[in-house]
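Asker: Sharing a structure with you now.
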Amino acid sequence: MSLRGTTFLESVLQTLKRAIELGGYPQEAYEMLSRPQRIITVNIPVRMDGGKIQVFTGYRVQHNNALGPYKGGIRFHPEVTLEEDIALATVMTFKNSLNGLPYGGGKGAIAVDYKKLSKRELEELSRGYARALAPFIGPEVDIPAPDVGTDPQIMAWMVDEYSKITGHNVPGVFTAKPVVLWGNPVREYSTGFGVAVWAREAAKKLWGGIEGKTVAIQGFGNVGYWGAYWLEKMGAKVVAVTDSRGGVYNPSGLKLVEVKAVKDKTGTVMNYESSGTRKVTNDEVLELPVDILVPAALENVIHKGNANNIKAKLIVEGANGPTTADAEKVLHTRGVWILPDLAANAGGVVMSYLEWVEDLQWYFWDEEETRNRLERILLDTFNRVMNRWNKLGTSQVTIREAAYVEAVDRIYNAMKVRGWI
Ligand SMILES: NC(=O)C1=CN([C@@H]2O[C@H](COP(=O)(O)OP(=O)(O)OC[C@H]3O[C@@H](n4cnc5c(N)ncnc54)[C@H](O)[C@@H]3O)[C@@H](O)[C@H]2O)C=CC1
Ligand SMILES: O=C(O)CCC(=O)C(=O)O
């Protein structure tokens, strides 16, 4: 238990336990799904620009592969811990199952402040990680991708390193690669697109549509920026955005193109100025008087200490694990809808799946066709989760619990027919 209440892993395991009870699955399912199948720890030496060697510790958690190869991102963050990586890998197992993907779940991490590395040091670290993991990954074994602090360039170095070891090009081992290295242009914005699609569909049910609904977003990286872009395109009004330093709020709506230009030029949205715009902290942004709140940075930001101050009626989890289990109870009682991470931010991994399919068959769809395929999968998941939620009882069960039951069902049946359980 942390100062903010349940830790991310504790919250995930509490939801799993409840889903197993709600779905009537045996306790053995909890035993198998509450811990990873394998944890790999690697220590990667990097010759720093100053001439000295520094050793970085990294992990790859392979949680469960009943439904197919492990799949999930790699996080570069100074405060990452093994416990956090286990929680992230566990969520991936349920996310991939929920969305009907032929994957199990995994997640990788390196404890590093990548902003302090030179480009050469970052490349050496990325290649070192791919080399150390090479015996444990592959297009049919474990397929990593980016998460916080990693990007298509890092995936390109990793694919190149892995391909050197195998002696031939293996694009399907990492996803979210640059387009020229058999990536797909949709992957860059797919997580934010998925956030917006889920918000739009929920808004139809809550208010008859998303047009004019106000949105505050915490985090203005890949998910936060593209979430804002697509939400605006779908008719919502983005009034606040923040990054790690804090952010800006304008009740009449922000000019996103200008905010993004300031972020790209100065490193933070905090430097954006316009009439009617004021600064907000990362705590304040969660409590603004808006219709929709999108936490799109890190975990445990909505906790028992601030759950009662949140005014949004709809929370769309762009980040993984932004809401603690204690906070979710409070918000559910207050009638707030929380669209959970394994559903609302699944656009990224669903698009990774489409990229992987392209790489395996060496045949590539155009951008529009890819996006349509992505949207179809997301809408199918949305409808299944809503049906399951209605069946289980919307006042007794949260949307997250309904999504977990839906996800566990597929994994449990796969483990059963495989004879694991
Ligand atoms: N990139 C992807 O495709 C996917 C990402 N996610 C999740 O979305 C979240 C964000 O990931 P990305 O956008 O990829 O990362 P990113 O590294 O592109 O951006 C992270 C953003 O959060 C901000 N940030 C960092 N610490 C913060 C803090 N304490 N308060 C407020 N903002 C802070 C950073 O300034 C940056 O704007 C993570 O939880 C990640 O696991 C989930 C699914 C897929
Ligand atoms: O595209 C992927 O495989 C990464 C997805 C991921 O890490 C996530 O959904 O949290």
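Residue numbering: from 1, along the chain as shown.
Cβ coordinates are placed from backbone N, Cα and C, and glycine is handled just like the others.
TrEMBL: automatically predicted annotations, no manual curation.
Per TrEMBL, the feature substrate binding site maps to LYS71, LYS95, SER352. According to TrEMBL, the feature active site, proton donor maps to LYS107. Among the features that TrEMBL reports, site 'Important for catalysis' is placed at ASP147. The NAD(+) binding site annotation in TrEMBL covers THR191, ASN222.
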Asker: Taking only the recorded positions LYS95, ASP147, THR191, ASN222, SER352, which have a CB closer than 6 angstroms to any atom that belongs to ligand 1?
Answerer: ASP147, THR191, ASN222
Asker: Around the substrate site formed by LYS71, LYS95, SER352, which additional residues qualify by having Cβ within 8 Å of the site's Cβ center?
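Answerer: Checked against the 8 Å cutoff, the neighbours are GLY72, GLY73, MET92, ASN96, ASN99, LEU101, TYR103, GLY105, ILE143, ALA145, ALA346, GLY348, VAL349, VAL350, TYR353.
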Asker: Near ASN222 (NAD(+) binding site), which recorded positions out of LYS71, LYS95, LYS107, ASP147, SER352 have their CA within 10 Å?
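Answerer: So far as Cα distances go, the recorded positions lying within 10 Å of ASN222 (NAD(+) binding site) are ASP147.
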Asker: Which whole-number value in Å describes the distance between the Cα atoms of LYS95 (substrate binding site) and LYS107 (active site, proton donor)?
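Answerer: Just about 12 Å between their Cα atoms.
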Asker: What is the number of other Cβ atoms found within 10 Å of the Cβ of SER352 (substrate binding site)?
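Answerer: A 10 Å sphere around the Cβ of SER352 (substrate binding site) contains 29 other Cβ atoms.
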Asker: Go through the recorded positions LYS71, ASP147, THR191, ASN222 and pull out the ones with a Cβ less than 6 angstroms from some atom of ligand 2.
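Answerer: The recorded positions passing the 6 Å Cβ test are LYS71, ASP147.
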Asker: Within 10 Å of LYS71 (substrate binding site) by C-alpha distance: pick out those among the recorded positions LYS107, ASP147, THR191, and say none if nothing qualifies.
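Answerer: Within 10 Å Cα-Cα: LYS107.
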Asker: Looking at the binding-site residues THR191, ASN222, which one has the fewest other Cβ atoms within 10 Å of its own Cβ?
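Answerer: Each of the binding-site residues THR191, ASN222 was scored; lowest Cβ tally within 10 Å is ASN222.
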Asker: Near the residue listed as 'active site, proton donor', which residues of its own chain have a C-beta under 8 A away, given they sit six or more steps off in sequence?
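Answerer: Set apart from the residue listed as 'active site, proton donor' by at least 6 residues yet with Cβ under 8 Å, we have ARG60, VAL61, HIS63, GLY72, GLY73, ILE74, ARG75, ASP85, LEU88, ALA89, MET92, ASP147.
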Asker: Roughly how many angstrom lie between the C-alpha atoms of SER352 (substrate binding site) and THR191 (NAD(+) binding site)?
Answerer: 10
Asker: Measure the Cβ-based neighbour count of ASP147 (site 'Important for catalysis'), defined as the other Cβ atoms within 10 Å of its Cβ.
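Answerer: ASP147 (site 'Important for catalysis') is surrounded by 25 other Cβ atoms within 10 Å.
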